[in-house]
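Pulled from TrEMBL:
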- 22-202: domain 'Thiamine phosphate synthase/TenI' (DOMAIN)
- Gln51, Leu52, Arg53, Leu54, Lys55, Asn83, Thr122, Lys152: 4-amino-2-methyl-5-(diphosphooxymethyl)pyrimidine binding site (BINDING)
- Asp84, Asp103: Mg(2+) binding site (BINDING)
Amino acid sequence: MPPLGADFGERFARERRPACQLYLISPPTIDAAFTEQLIRALGEGGVAAFQLRLKGIDDHAIAALAPPLQRACADAEVAFIINDSIGLAKRLGADGVHLGQDDGDPREAREILGKEAQIGVTCHDSRHLAMEAGEAGADYVAFGAFYPTTTKETQHRPDHAILTWWQTLFGAPCVAIGGITPDNARPLVEAGADFLAVSSAIWSGDPAERVRAFAAVMRG
Ligand SMILES: Cc1ncc(COP(=O)(O)OP(=O)(O)O)c(N)n1
Ligand SMILES: Cc1ncsc1CCOP(=O)(O)O
């Protein structure tokens with residue numbers, strides 16, 4: 001492993017961090033009725049970001065579906081994040097992009113999207129990947145899948161301690177993802193997750209009710 005720059009990372013007082021917030025991930029496919037569901041979910045407050053993650057369709061088709069969702073996010077002052085594609089994030093004027101390990105370099109994303117963009121990076125269960133992402137200028141690192149999920153096939157199953165490690169040592173926020181429900185979320189909050197990224201547990205029921213259930217767990 002290459003040595004990491006001595007200037008990377010700062011000791012970060014836990015009490016200076018804002019309370020844990022929700023980071024909503026779209027269902028893998030959506031229909032015209034989805035905007036209404038999103039508006040209901042965002043109307044509850046406590047949601048920091050919404051990621052448009054549509055699998056199996058091209059950027060052109062995603063761009064056609066995005067405007068009402070992007071407007072709903074802007075109205076609720078929620079960050080609108082595009083999954084996978086730096087080019088699509090630029091084209092839509094999104095607030096940021098989420099990059100998997102094969103989706104491009106955060107430095108390139110920064111050059112294209114500018115200094116205000118929120119750039120997140122998937123780090124699976126790897127401290128090494130997280131430090132690399134931090135060095136490359138990521139605004140947040142994402143660890144998961146913490147629990148079994150059918151939304152994405154993944155073999156990575158981090159220990160909750162990776163959240164505590166990150167939060168204790170580094171300034172950028174960390175996101176926990178994967179199979180999170182109101183029933184299993186509390187240990188992730190206690191371990192130090194700054195954001196809980198959730199898809200199926202929000203959209204499989206009444207989204208407003210589900211956001212309220214998460215909010216209660218996050219308050220403790
Ligand atoms: C917040 C957040 N964390 C992790 C992921 C997973 O991203 P990736 O590894 O690129 O996999 P796909 O989402 O593209 O299937 C994510 N999207 N968001
Ligand atoms: C995109 C992604 N990356 C790791 S797990 C996961 C799926 C998250 O969705 P859910 O909350 O339905 O498990």
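Here, residue 1 is simply the first one shown, and the rest follow in order.
Cβ atoms are placed via backbone N, Cα and C, with glycine included.
TrEMBL: automatically predicted annotations, no manual curation.
Mapped onto this structure are the features recorded in TrEMBL.
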residue : record                                                         : Cβ contacts under 8 Å, 6 or more apart
Gln51   : 4-amino-2-methyl-5-(diphosphooxymethyl)pyrimidine binding site : Tyr23, Leu24, Ile25, Ser26, Ile81, Ile82, Asn83, His98, Ala197
Leu52   : 4-amino-2-methyl-5-(diphosphooxymethyl)pyrimidine binding site : Ser26, Ile62, Leu65, Ala66, Leu69, Phe80, Ile81, Ile82, Asn83, Ala94
Arg53   : 4-amino-2-methyl-5-(diphosphooxymethyl)pyrimidine binding site : Ile25, Ser26, Pro28, Asn83, Asp84, His98, Ser199
Leu54   : 4-amino-2-methyl-5-(diphosphooxymethyl)pyrimidine binding site : Ser26, Pro28, Thr29, Ile30, Ala61, Ile62, Leu65, Asn83
Lys55   : 4-amino-2-methyl-5-(diphosphooxymethyl)pyrimidine binding site : Pro28, Thr29
Asp103  : Mg(2+) binding site                                            : Asp84, Ser85, Ile86
Thr122  : 4-amino-2-methyl-5-(diphosphooxymethyl)pyrimidine binding site : His98, Leu99, Gly100, Gln101, Leu129, Ala142
Lys152  : 4-amino-2-methyl-5-(diphosphooxymethyl)pyrimidine binding site : Ala145, Gly178
Cβ under 6 Å from ligand 2: qualifying binding-site residues of Gln51, Lys55, Asn83, Thr122, Lys152: Lys152
For Asn83 (4-amino-2-methyl-5-(diphosphooxymethyl)pyrimidine binding site), the number of other Cβ atoms found within 10 Å of its own Cβ: 21
Collapsed DSSP category at Asp84 (Mg(2+) binding site): coil
Entries of Arg53, Leu54, Asn83, Thr122, Lys152 (binding-site residues) sitting next to ligand 1, with Cβ under 6 Å as the cut-off: Arg53, Asn83, Thr122, Lys152
Local backbone state of Lys55 (4-amino-2-methyl-5-(diphosphooxymethyl)pyrimidine binding site), from DSSP in three classes: coil
Asp84 (Mg(2+) binding site), number of other Cβ atoms within 10 Å: 21
